[in-house]
Amino acid sequence: MSTGELLDIEPLELKFPFELKKQISCSLQLSNKTDNYVAFKVKTTNPKKYCVRPNTGIVLPRSTCDIIVTMQAQKEAPPDMQCKDKFLLQSVKVNDGIAAKDITAEMFNKELGNVVEECKLRVVYVAPPQPPSPVPEGSEEGSSPRGSVSDNGNINGSEVASVTRSFDEPQDKSVEARALIKKLTEEKNNAIQQSNKLRQEMELLRREGSRNQGGISFMIVVIIGLLGIILGYFMKKT
């Protein structure tokens, strides 16, 4: 900040985030620390390159005034990003009630006996602000992790879950197979018991038939046929 008797000027360096083919602006603030009207005028060594709004004006007592300096779009970058352009801000005490349209060049002429304060401002090019880095897909807050391998070779959570499922599935199938074998074994045992029971009944009938008719009755033949069908069915399932 420049502190004179009339105005405080902030900043003393006009910093432009330099970019090719793009207009760039920066602001300048003048603070009147007196109880008088103060007129100002802004000059530059390169008027075709810069636009100053307002380039002249009045700062009311104990008030401020903002100035916008716009650099026109540049086609080439200066060597080493150094700029030799300069600005000169002149200020002078004027009569109360004067308006900006009443300002004349003679007010800033020292040869006419006017007390003119001057402040030189330099131009500085700075690097433009960098855009934020794009967030990788799937890494936003609240999103579910995706199945991928990180840069350090570690598998993320979803991959671990997938591997776990691959180990769990054979175990599930093994349990189902054991249950099926147990069921078939029980059915086989039941069939064997039924077969033994039928054999006992057949033997009993055979004995009775031998005593009564001397041969095997038709009913015994039927029972033997059914027994063969039942045993054949259960033997196929096992």
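A Cβ is built for glycine as well, from the same backbone N, Cα and C atoms used for every other residue.
Pulled from TrEMBL, these are the features on record:
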- 174-208: coiled coil (COILED)
- 141-150: compositional bias 'Low complexity' (COMPBIAS)
- 151-165: compositional bias 'Polar residues' (COMPBIAS)
- 6-126: domain 'MSP' (DOMAIN)
- 128-171: region 'Disordered' (REGION)
- 216-235: transmembrane segment (TRANSMEM)
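Confidence in the coiled coil (174-208), given as mean pLDDT, stands at 78. Secondary structure by DSSP for the domain 'MSP' (6-126): 13 helix, 64 strand, 44 coil.
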